[in-house]
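Positions annotated as ATP binding site by Swiss-Prot, on the basis of sequence analysis: 172-179, 225-233. As annotated by Swiss-Prot, coiled coil applies to 900-1253, with the evidence given as sequence analysis. According to Swiss-Prot, the feature compositional bias 'Basic and acidic residues' maps to 1494-1506. Annotated domain 'Myosin N-terminal SH3-like' per Swiss-Prot: 25-73, in sequence order. The domain 'Myosin motor' annotation in Swiss-Prot covers 78-748. The domain 'IQ 1' annotation in Swiss-Prot covers 774-803. The domain 'IQ 2' annotation in Swiss-Prot covers 799-828, and the record cites sequence analysis as its basis. If you look up Swiss-Prot, you'll see 822-851 marked as domain 'IQ 3'. Annotation source Swiss-Prot lists domain 'IQ 4' at 847-876, citing sequence analysis. What Swiss-Prot lists as domain 'IQ 5' is 870-899, and the listing cites sequence analysis. Here Swiss-Prot flags 1347-1718 as domain 'Dilute', drawing on sequence analysis. If you look up Swiss-Prot, you'll see 511-545, 547-570, 605-629, 629-651 marked as region 'Actin-binding'. Among the features that Swiss-Prot reports, region 'Disordered' is placed at 1388-1407, 1477-1566.
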Amino acid sequence: MVWKHQLIGFSGIFSNVSPASVKVTVGSQVWVEDPDEAWLDGEVVEANGQEIKVNCQTKTVVAKVNAVHPKDPEFPELGVDDMTKLAYLHEPGVLLNLKARYNANEIYTYTGNILIAVNPFKRLPHLYGNEIMEQYKGTDFGELSPHPFAVADSAYRKMINEGVSQAILVSGESGAGKTESTKMLMQYLAYMGGKAESEGRSVEQQVLESNPVLEAFGNAKTVRNNNSSRFGKFVEIQFNHMGRISGAAIRTYLLERSRVCQVSDPERNYHCFYMLCAAPEQETERYQLGKPSTFHYLNQSNCHALDAIDDSKEYLATRKAMDVVGISPEEQDAIFRVVAAILHLGNIEFAKSEESDGAEPKDDKSRFHLKVAAKLFMCDEKALENSLCNRVMVTRGESITKPLDPGSAALSRDALAKIVYSKLFDWLVTKINNSIGQDSSSKYIIGVLDIYGFESFKTNSFEQFCINLTNEKLQQHFNQHVFKMEQEEYTKEEIDWSYIEFIDNQDVLDLIEKKPGGIIALLDEACMFPRSTHDTLAEKLYQTFGSHKRFTKPKLARTDFTICHYAGDVTYQTELFLDKNKDYVVGEHQSLMNSSDCSFVSSLFPKSREESSKSSKFSSIGSQFKQQLQSLLETLNTTEPHYIRCVKPNNVLKPEIFENVNVLHQLRCGGVMEAIRISCAGYPTRKPFNEFLTRFRILAPEATERSFDEVDACKKLLARVDLKGFQIGKTKVFLRAGQMAELDAHRAEVLGHSARIIQRKVITYLSRKKYLLLQSASTEIQAFCRGHIARVQFKATRREAASVRIQKQARTYICQTAFKKLCASAISIQSGLRAMAARVEFQYRTKRKAAIIIQSQIRRCLCRRRYLRTKKAAITTQCGWRVKVAHRELRKLKMAAKETGALQDAKTKLEKEVEELTSCLELEKQMRMELEQVKTQEVEDLRSALNDMKLQLGETQVTKSEEILKLQSALQDMQLEFEELAKELEMTNDLAAENEQLKDLVSSLQRKIDESDSKYEETSKLSEERVKQEVPVIDQGVIIKLEAENQKLKALVSTLEKKIDSLDRKHDVTSSNISDQLKESASSDYEMLSNLAAENERLKALVSSLENENYENDGNDSPNEQKEGPQMLKEEILAEDFSIDDEMTNKLAAENKDLYDLVDLLERKIDETEKKYEEASKLCEERLKQVVDTEKKYEEASRLCEERLKQVVDTETKLIELKTSMQRLEEKVSDMEAEDKILRQQALRNSASRKMSPQKSLDLFVFMYLFQPVENGHHESFAPIPSRRFGAMSFRRSQIEQQPHEFVDVLLKCVSKNVGFSHGKPVAAFTIYKCLIHWKLFEAEKTSVFDRIVPIFGSAIENPEDDSNLAYWLTNTSTLLFLLQRSLKSHSTTGASPKKPPQPTSFFGRMTQGFRSPSSASLSGDVVQQVDARYPALLFKQQLTAYIETIYGIFQENVKRKLAPVLSSCIQGLKDSSHEFSAETLSAESSEQNSPEKPSEENPPEKLSEDNSSGKLSEDYLAAKPSEDNSPAKPSEENSQAKLSEVNPQAKPSAENSLAKPSEENSPTETWQDVIGLLNQLLGTLKKNYVPLFLAQKIFCQTFQDINVQLFNSLLQRECCTFIMGKKVNVWLNELESWCSQATEDFVGSSWDELKNTRQALVLLVTEQKSTITYDDLTTNLCPALSTQQLYRICTLCKIDDHEDQNVSPDVISNLKLLVTDEDEDSRSFLLDNNSSIPFAADEISNSMQEKDFTNVKPAVELADNPNFHFLKE
């Protein structure tokens, strides 16, 4: 025998036609391979060498000649019952035969002696029953239709006649019907075996009833089968010499233990559990059971019941079957008590014990189930708990009890449940065998093997490894048997034959079970070592079998391995191999069960014979299974096998469905195709002589003439066609592979030649006959036609004359009627047009009058507001001037005072003056309050005026005459408005003149400064030496630097003068623009008559916006979403210009005030060089108060014209550097003053020239407070200044205690590193805060600690690529700011809280508001003590706020930078896939060839600014501005989403609904998953660093804004604005929505709403019937958030010429086109812009912090043991 050691693939190896012998011509019927249907039949329509074109029913296929199989044209409709009778024995022939018989409900087919059974998934009563068994009784095999009864009968007859034991092997995959086939076999054998009695019960009845018992405890529902056997079973039925059943034995293999504790959805656990839960009520009460959903071992799956199966009836049937097989009622009760105990055992949950480190039952519910389980097991409850929660380790001389953690206790519980169930099942099998009884004197046996088929799943573990080993063994046995049958066939026919090569899988068996060195041997060896893991096992396997051709290692796996089985490659996961291979029982469980009071339970766990485990021999599941398998094969080798291969026709378990690919795979895995291949290797075609001659006698007719011998005739016939290699047997002709096809080709050639001769003769006869008939008929037809034509012509002539007359009269009547109708229509149209024109004119005049009234009221309000502001500024200037005059008088008095008493009197007078000034300030405050009241009253008046206007608008619709009168009065009001505007222009000119005067004043002051500087230089030279002697601590370098600062400030004054000049120029331009707009307003025409109705609505919106403007007083007009029409636009421009003029006037006034302050400052520098240090300090403090008030006014003005400040950003940035250097100089001077306090005081008392140097320090302090350092380049309102005298403040500063600088280094070294988090709170922020509070640094007037802490926060920006580091410092800085906000209060804060100012709109405004406002965190006083903060602390909080926004901006930019290329790749991938899809399915759609309308008719920029953000902003985070919040989503968005779901119902977040499934590795779906991956990575970074939820929501909102902008702008491109693209993007958006729901709203917030533009655009794109959409539906329901430009572009781009119903109606497009103005020509205003602004304020962070208790935060490890930082533990 020749053994062929090679692996043959599945494709094309079973063909009996070799490529060289295939003869294919045009017209041949062949089979071609197809990936979907396995094989398709068709006709060859073209043959080109080795390639042919085959026309199938559904498509045309081009294939190679050697890749096709011939088709039998004479194939019977119902197929053949034995596939060896097929003319062509190949894969397509086998599939066709099985399918034909399956459709005819003939589910059984022979392949030689092999029976193939196809599961019908329905009842077929005609195939079973006693009458059917009677038919097959004693019938020869193959005489009747194929049936399992025939196989059983053949086995029984051979056993009786030949005296040889038989075996029937039933195999197939789960759900193929193995169990049912086994039942029928046993039923027939019991029928044939008679009725021998054994103890009152028949043996055959016990054998049959053992099936339901074993099914109840060994079968379960799986995904593939509702009654899947989870164990292998071999039933040995013993017969005596009379052929009667004398005994039986059941052997089981490899029960699936893990199913007891772990069930996957939608599978079920073993049937017995559900039967017991459905038992009668008294049974369930006894076992304290309930519904299956209440038990952990059953509720892991949602499937608790099976269709058409009643578990309660099955329970009673099982109990009845137990009675039959000999299980007593007491034993049955014990069995089900154990089953119930297992269920209760699974409900025991464990938690960590409070008394020890071990585990204990979690709650009362767990203890209840523990108690019930102990009761059912009849064991001690405490002992059961200890066995589950403890382990006893036996050492030399003692035993150690080790407590288990909750997880290990749960594993111990599951281990006990599995071993108890396994022991119970083994007991049942043993009991059934003992009950049935085995006959030791039996002569023969018939074994029925019900074994699992070949299995290959996504995850393959130890069970699949053992199952596939079994199938490899059985396949080898099967191959050898089939080969033997083939040899017997050839020997019987007495033909010459050679040995046949067939596949041998011995190498796979050696790989698995060879000892030593096999996989099982290595697995057992690994199990013997306690430290072995699946990693070491896998490594050992790789080292041992790395070069084996049947063993491979997967590329991306570390512990998996792949074995090349006969049915395909299977990859096994080794994670649970070691645990599943170990066959041991936990000692505690063994002792507990053995000590049970129930004899049944204790019998399941008998005492071990060997007390010491060391002396016992190691045993494993793999070794035991191998031994059982070897014993099974030895038994099979002693018997004659019969094979039944069960096939599952489909995976949906439904009848009438036959899946070719699935069936073919099962035939290959079951070895059927291998048997066919072995047959094909010899003589696959075998025809009896009579059939062969009947089919091919036309090839040699002379061989069959008269009387002939069949053998000689066959030889002559084969010699005629020159066929070689055939064999002539006794009754059959044996042909080689391909010879049958060659004979068919010769036969078709002969038949074709004969058919052509017959066709030629018949065609000749028919053509001659037809010609003669046509000749005689044509003669008669011609005569008849000529007469008929003459008659017809006469009638036509008469008819023509009559018709001419009738037409003349008819045309006359039609023309008259049409003319009359036209006249009537013209009159009607003219009257309608005149009426419409009159109505339009009336409505226009009505609206114009209302607009004029509104404008007049607004202008009056604006003028009054300007007047009040001017009055307020004048009062402030007067107060400042009076203060300055009083200061001069005070200086004169001090210069006259020589003695100490005089000085004290002067001081007293000065204090009185200060009190007077204080009263003046109080008076000014009262005036401000009065102004506020006046302002409020004006607002109320304006509201009432607006209400009156609304009433007037309603009254305008009463009569036409009243409206005309109101229009005349409106014209008079317009003239008054023109006069007011002229006055306003005059006032503007006056302001310009005032600016000129201020410039002159500045110039004069500059000259004074120069003179004072020259005098100062001369004086300084004379007193330089004396100053050095008396005040040696003053450094000359400091003086030089201060002089340099003075020069820089001079340059600053000149810069501000230039700024004023530029503002004057802007004022002139504004004035000219106002005049031009007034002229344009007077000469505007009356267009857009069709939009008058819409203008009325827009006018109402304008009134609403004006009300909002008066309420907010911040100059920001609320967006008006429907401003259209030239006339309304001009009126809006006019109102806007008035607002601009107001803003310019306020700006000029504010600049004037600023110049006044600078002038006062310079004049004070000249005067204060002659005063003492303390006197100058007092005067400076008062001046600073005034400057603070003035700067606050300037801040209000700057908010109104914030956009104008962008022009001076560069200059202010340079100013920041100057301020920073000044601050550093001030700190140095302050330190020097503190160190040499005594020397400087003595110098001030004794030196006559002490007025020089101290003045420099004074200048430094003055300018430090005037220009505080800011972070973003904007002017900041002054920091709160202590209310005490400047001199007293200086004295207190000199007296402050020394800070603990020696501990600062330790603190900085600790917090500069990542010290992590404690209870989700940052340790670094908590440590810094506690140290600053403890050291009282917030109350210090001067300290450098804050300057040393700030650079630590700057380290987060040094590495902007490290997102984790940025998130860490973002959490620390925000938490520290929260702590500062709740703890610090401004030193100048009074008890009365002022009225809350409007929310600032700029980055600088938010910072200063957070700087000024007290902490907004609502915390009780006992949590933290309020601290009276000084300037350094407030400045530190300001810098901290700036760092938070800087770090946030960098982090957001990193996210955007990572997300942008991935989104671009996604969009590009969708474009490519959309083009491919469109080329195949949408070739008729050519909408993209039609260019859309020019963008010149899109909406104006004003509309775009209302719908989108306020434009692209600077990426400089320090100067960033907040964007306008997007308008909230309208309720109609929900309707849009609902409509989107209706249009695309399958668009759900699952992989099954994807529109395209590209085969490339870089598919768009994978790229979209990259976006989800980035979002998951971002979410993980935020969670890891405990970023506050408020900031996390802002980050995700801004990220989703960027996604919305990129996706929406892409959809507005021509290639992306398609139906297919919309569906694909919508699928991914559903996945993104699913991700948002999984990420929870706490982190993502309202991020999903940021995609509203893209979602609404997709609604329009994926709507199929776009022609039914109206304009109102489009703008109100479908896409309310999209602008007119965007809607117009989408409607034009998605237009398809050949599908009018899929296009938007032309009326809607024309309406959109009318609304698009000509101003946007060549613009791209339809695109969305990215918004890089900071979307939050400092107070919002503090308000959003949820955690307000930091008492449980642990300090850093480095500081915990330091005694100097013991306060951190308090």
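Glycine too: its Cβ is placed from the backbone N, Cα and C atoms.
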When pLDDT is averaged across the region 'Actin-binding' (629-651), the result is 90
Counting Cβ atoms within 10 Å of each Cβ, the densest environment among the binding-site residues Asn226, Ser229 belongs to Ser229
Simplified to three states, DSSP reports Lys178 (ATP binding site) as helix
The number of other Cβ atoms within 10 Å of the Cβ of Gly232 (ATP binding site), counted over all protein chains shown, is 22
One residue among the binding-site residues Gly172, Gly175 has the fewest other C-beta atoms within 10 A of its C-beta, namely Gly175
Other C-beta atoms within 10 angstroms of the C-beta of Lys178 (ATP binding site) total 27
For the region 'Actin-binding' (511-545), the DSSP residue counts stand at 25 helix, 0 strand, 10 coil
Counted with DSSP (H/G/I as helix, E/B as strand, rest coil), the domain 'Myosin N-terminal SH3-like' (25-73) has 3 helix, 30 strand, 16 coil
Reading the DSSP string in three states, the entry for Gly232 (ATP binding site) is strand
DSSP tally for the domain 'IQ 5' (870-899), helix/strand/coil in that order, comes to 27 helix, 0 strand, 3 coil
